[in-house]
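These notes are about the structure you will find just below.
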């Protein structure tokens with residue numbers, strides 16, 4: 001008869017296996033829900049196509065873009081005249097004319113269009129073709145300031161109201177809202193103005209009764225939905241506008257929204273029937289690239305300066321940073337090396353923001369080093385590069401920010417520097433957001449991918465089907481001619497879990513930095529585990545492996561909140577129990593190599609001309625001299641600083 005200990009051991013094994021099966025069932029259930037959702041989307045699209053092709057369909061309610069791509073409406077002559085003589089444009093971009101015709105017909109419409117596609121024109125031009133004024137709701141004051149600057153240059157009467165508006169200005173705007181002879185065409189407000197100002201709502205009612213309030217434009221309409229990447233609670237109050245002013249047509253605009261987000265936004269805005277026009281996410285002139293972020297700040301700045309002085313010599317660009325502090329520090333570093341750069345962030349004085357924007361627009365400043373506060377509504381067509389000093393907090397944000405390059409349809413580069421530490425800096429910021437961590441991990445997955453077309457990865461996120469061949473080698477992954485293989489990294493995961501278990505027993509919390517140090521046999525001796533052999537891989541490879549385990553849920557983040565900061569720690573994740581099954585394997589794609597090593601493919605570009613390299617080499621000497629002088633000057637201040645690798649530039 002079997003002993004109790006043997007039976008107990010078998011029972012424990014079965015229990016562990018059952019737990020693993022439960023996790024697998026959960027994963028399959030999640031996948032099932034994804035497929036069901038995609039099936040619904042495709043079914044809806046097929047139904048829409050069939051309805052659009054129905055010969056008996058009424059043109060008044062025909063939601064196909066083709067039905068509205070005409071110039072025989074009563075307002076068409078005026079629209080064309082204003083396009084050419086006020087906005088100084090010869091023709092419309094895709095879906096602009098269709099959207100303008102729908103809103104001119106007094107109907108509700110949502111427009112999903114890539115950043116740089118010309119969404120703003122779709123409510124600005126109709127405002128000039130209509131009596132009265134259009135109310136524009138924007139999420140950021142900086143966005144309103146950007147738009148007003150452009151409108152002023154075009155000679156269009158527009159203004160904004162916010163918390164810092166003077167009493168005299170508020171009084172003037174309120175008077176203009178009901179003045180039948182007023183030339184004021186666009187009034188910009190934040191959603192807080194609608195939610196919290198009874199005085200303003202009262203004035204809107206009087207303007208509506210006087211038939212002066214004709215249209216509502218909700219910019220960044222994805223902010224309505226809690227499932228959107230930038231949910232704002234005050235956007236939920238905007239439903240009052242259609243309830244109180246049903247005859248004022250509404251137009252909602254966004255660069256990034258899934259079908260789920262748009263449906264949610266439609267309910268929140270109290271819209272019964274709504275046209276939805278969606279342009280393809282693809283910007284064929286943009287080249288996407290992910291680079292490993294150098295761990296040394298000086299090396300990092302050197303890499304950026306070589307790009308600016310080489311490939312982008314004399315060309316305009318944006319560098320996006322994670323924080324205001326990063327923005328200012330990078331700006332100073334670039335200026336010290338001869339780059340004409342200006343910082344831009346939310347805490348700048350309005351006049352300073354305007355100065356930076358104006359100088360950049362006039363090419364007096366080559367590079368704006370900015371936080372996310374810069375960009376919405378930016379309409380500089382000749383931006384040749386957008387560099388991300390740190391990755392964005394979501395795919396939607398990255399798509400929107402990188403999309404500010406190449407609005408003139410000429411080739412432009414979108415280069416993202418991916419660093420392990422940025423994961424946890426951003427995670428600590430988005431932890432309180434509804435789906436903040438999930439969206440961040442999608443961004444990490446994009447950065448970690450070394451083989452799949454960048455456009456395919458984006459298309460999957462935005463519910464589109466994309467053939468990688470259509471990329472035309474306009475991303476780093478499509479340019480690679482390396483072979484790839486799946487590397488078994490299961491034992492690495494087992495070792496990390498041993499380290500984390502020991503830390504738990506000692507009542508210790510491990511930050512990502514401490515976990516790597518312990519794994520490498522460094523740091524506090526008590527955190528090292530007997531039997532865990534330090535891997536021989538470079539630190540950046542170990543970081544990629546840990547990031548892989550994190551997004552695959554073998555590890556998870558835990559947070560500690562202090563009065564001054566949110567600290568991220570790593571703990572054992574929900575899928576770690578799968579490792580109780582000896583047959584369970586975790587693999588990771590790596591570049592195939594003849595050497596017995598784990599190496600992720602380094603970033604490379606293939607669309608740049610040989611002249612780029614020559615230009616970089618030509619400017620490299622000047623850069624090295626400047627860098628050497630800087631080091632010489634700072635040497636006495638920081639004798640322990642690491643010597644910059646100038647010879648490797």
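Glycine is no exception: its Cβ is also placed from the backbone N, Cα and C atoms.
Given the structure is predicted, the values throughout are model-derived calculations rather than measurements.
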Candidate set 70, 522, 626, residue annotated N6-acetyllysine in Swiss-Prot: 522
Among 608, 634, residue that the record in Swiss-Prot marks as phosphoserine: 634
The annotated region 'Disordered' range in Swiss-Prot, which must be one of 375-429, 595-649: 595-649
Additional site residue, 447, 453 [criterion: listed by Swiss-Prot with 471, 475, 478 for Zn(2+)]: 453
Site from 196, 306, 514, 571 that Swiss-Prot describes as N6-acetyllysine, others unannotated there: 514
Of the residue ranges 219-222, 223-226, 227-230, the one that Swiss-Prot records as motif 'DEVH box': 219-222
Lowest local Cβ density among 91, 93, 514, 522, which the record lists as recorded positions, within 10 Å: 91
Coarse DSSP state, helix versus strand versus coil, of residue 120 (ATP binding site): coil
Under 8 Å by Cβ from residue 119 (ATP binding site), same chain, sequence gap 6 or more: 111, 113, 219, 253, 254, 255
Long-range Cβ environment of residue 118 (ATP binding site), under 8 Å and at least 6 residues apart: 92, 93, 96
For the region 'Winged-helix domain' (481-592), residues assigned helix / strand / coil by DSSP: 47 helix, 25 strand, 40 coil
Spatial neighbours of residue 522 (N6-acetyllysine) among the recorded positions 91, 120, 514 [C-alpha, 10 Å]: 514
Length of the line joining the Cα atoms of residue 91 (ATP binding site) and residue 514 (N6-acetyllysine), in Å: 58
Residue 120 (ATP binding site) and residue 514 (N6-acetyllysine), Cα-Cα, nearest whole angstrom: 48
Candidate with sparsest Cβ neighbourhood (10 Å radius) among 96, 120, the listed binding-site residues: 120
